[in-house]
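Peer 1: The domain 'Carbohydrate kinase FGGY N-terminal' annotation in TrEMBL covers 7-245. The site 'Important for activity' annotation in TrEMBL covers Asp11. The feature substrate binding site is assigned by TrEMBL to Met82, His83. Annotation comment: TrEMBL describes Asp242 as active site, proton acceptor. Taken from TrEMBL, the feature domain 'Carbohydrate kinase FGGY C-terminal' applies to 281-449.
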Amino acid sequence: MSSRPCFIGVDLGTSTCKTLALDAEGGVVARASIDYPLVTPRPGWAEQDPQLWWQATVETMRQVTARLEGWQVQAIGLTGQMHGLVPLDAEDGVIRPAMLWCDQRAAPQCETITERVGGLDALLALSNNRMLPGFTGGKFLWMAEQEPDAFARLRCFLNPKDYLRLRMTGVHATDVSDASGTGLFDVRRRRWSPELLAVVGLGQAQAPAVFESSEVTAGLSTEVARLWGLPAGLPVVAGGGDAVMQTTSQGVVRPGSIGVTIGTAGIVGGAAYACPDNRDGLLQVSCGNAPDRWHVMGVSLNAGGSFQWLKETLAPLAGGDLSFDRLAALAESTPAGAEGLLFLPYLMGERCPDIAADGRGAWIGLTRAHGIGHMSRAVMEGVLFNMRAILDLFARSGLDCERLRASGGATASPLWLQLLADVTGRPVATVSGASEGGAFGAALLAGIGAGRWASLDEAVGVVAQTRQIEPDPARADLYDAMHPVYKTLYPAMEATFGKIAALADRKVRP
Ligand SMILES: Nc1ncnc2c1ncn2[C@@H]1O[C@H](COP(=O)(O)OP(=O)(O)O)[C@@H](O)[C@H]1O
Ligand SMILES: O=C(CO)[C@@H](O)[C@H](O)COP(=O)(O)O
């Protein structure tokens with residue numbers, strides 16, 4: 001019997017590496033995932049060791065390929081966390097741990113870049129994006145200033161998922177959607193901006209080659225192919241940044257629908273046929289996963305990651321074993337609105353709806369009547385109030401939508417899904433593949449690259465709606481009343497957070 005074709009997608013998330021194989025109808029044949037830690041050496045900093053990413057990829061690929069007897073892998077597609085800087089030396093060695101998308105240390109350098117090009121309007125004309133804290137661009141200047149010896153050794157930089165490609169194929173390459181997130185890319189023309197590269201001290205030779213998402217970048221090396229029992233030279237397609245790819249996995253590739261992802265980050269995203277002008281730069285505009293598509297999104301740094309922080313913080317008090325389900329059950333048995341307890345989730349600072357590098361998290365309204373169930377519920381509600389504020393920004397840009405499509409790790413929880421509907425007051429649809437996250441989209445892109453589907457529109461034809469969750473009228477009414485109050489929290493605290501950030505730099509022994 002001849003082997004059946006399948007396509008592999010690898011998603012290098014912030015918390016987990018997920019790998020899956022899809023058949024030619026979009027059904028999942030095999031999947032595996034492995035977690036790794038997020039390191040926060042100081043408030044506002046976030047790093048990971050690319051070696052751990054590669055180990056997780058090797059192992060998840062081993063587990064998936066071991067289950068593919070009778071299947072023939074036709075191509076691999078990559079996706080992963082955006083905006084991270086993997087600095088490489090002349091031997092392709094990693095010079096320092098990767099600074100991630102939620103790392104705020106380079107906020108002052110982002111302002112410097114904006115000034116150097118002549119202000120915000122000039123920057124938007126070059127890239128169509130602000131140089132937001134957390135974008136890759138600022139990290140180069142930070143390195144040049146704070147770690148000049150390390151910066152002098154830099155010969156090439158890669159986005160996180162593209163480091164996996166380097167290890168798989170030996171090639172320095174990225175795709176247009178992930179390149180958009182560096183802040184150094186001319187999103188309108190789908191090419192590096194030579195002016196912006198120069199402003200951060202780089203030349204074109206130090207930037208990876210850029211491909212459209214479904215283009216084949218290179219073939220699997222003999223050594224790596226042997227590790228996974230795959231043919232040497234197997235095509236590895238360009239893929240895309242995870243925030244864009246999540247929206248592709250949701251089937252949101254044409255204007256008119258909006259996807260919400262609750263992963264570590266929170267993403268509100270939609271597609272466009274032409275590159276929209278990013279007038280005030282409060283949203284992000286990137287190239288989409290097809291040559292004729294662009295992508296608009298607002299990204300919160302603090303969605304599922306806030307819930308994960310709560311779990312990790314409380315786990316030692318719960319004998320080290322506290323599950324997301326237990327935490328959600330505590331929240332579910334607490335009244336909607338957590339009896340007046342609000343949570344501002346800016347634990348990693350924030351990018352959208354507020355640009356708040358010095359932002360901090362806070363429970364506001366604590367009383368002796370509040371317990372851990374209230375705190376857990378307030379965290380979930382606060383994250384979703386923040387997503388609703390991003391939806392308000394979308395509406396202001398004429399991108400509103402009556403229904404949402406949901407994806408991301410948190411959508412494994414029925415409570416998160418119901419609260420998303422209740423807090424936004426919109427029906428929420430889940431789709432096949434949404435719980436698989438970006439790996440699903442990456443595998444679809446691999447399928448396009450291998451010729452299974454002729455276009456992105458055709459490929460997302462395999463994405464089907466699985467459920468629709470309606471908002472509960474009474475809870476939606478309460479959340480309508482709470483949202484304007486929530487929106488006052490950051491403006492009220494902004495100046496105080498600035499002072500707190502300065503105080504946090506003063507180290508005094510315990
Ligand atoms: N069973 C679950 N119940 C509730 N939330 C969950 C569950 N599993 C994962 N999550 C949430 O999903 C987040 C991770 O989502 P994921 O899409 O896998 O993120 P990433 O791609 O950033 O690694 C976690 O931070 C957590 O808040
Ligand atoms: O910053 C962004 C996109 O602009 C984030 O989407 C990161 O790319 C990380 O995503 P997850 O790990 O939460 O999927």
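Cβ from N, Cα, C; glycine included.
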Peer 1: Sorry to bug you, but what's the C-alpha spacing from Asp242 (active site, proton acceptor) to Met82 (substrate binding site), rounded to the closest Å?
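Peer 2: So the alpha carbons of Met82 (substrate binding site) and Asp242 (active site, proton acceptor) sit roughly 7 Å from each other.
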Peer 1: Asp11 (site 'Important for activity') has how many other Cβ neighbours within 10 Å of its own Cβ?
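Peer 2: Around the Cβ of Asp11 (site 'Important for activity'), 31 other Cβ atoms lie within 10 Å.
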Peer 1: Using DSSP and collapsing to three states, where does Asp11 (site 'Important for activity') fall: helix, strand or coil?
Peer 2: strand
Peer 1: When you measure from the Cβ of His83 (substrate binding site), how many other Cβ atoms are you left with inside 10 Å?
Peer 2: 29
Peer 1: When you measure from the Cβ of the residue listed as 'active site, proton acceptor', which residues in the chain that are at least 6 apart have a Cβ under 8 Å away?
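Peer 2: Asp11, Leu12, Gly13, Thr79, Gly80, Gln81, Met82, Lys161, Gly263, Gly437, Gly438 - these are the non-local Cβ neighbours of the residue listed as 'active site, proton acceptor', listed in sequence order.
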Peer 1: According to DSSP, collapsed to three classes, what secondary structure does the residue listed as 'active site, proton acceptor' have?
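Peer 2: DSSP assigns the residue listed as 'active site, proton acceptor' to helix.
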Peer 1: So what's the average pLDDT for the domain 'Carbohydrate kinase FGGY N-terminal' (7-245)?
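Peer 2: On average, pLDDT over the domain 'Carbohydrate kinase FGGY N-terminal' (7-245) sits at 97.
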Peer 1: Near ligand 2, which of the recorded positions Asp11, Met82, Asp242 have CB less than 6 Å from any of its atoms?
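Peer 2: Close enough to ligand 2 are Met82, Asp242.
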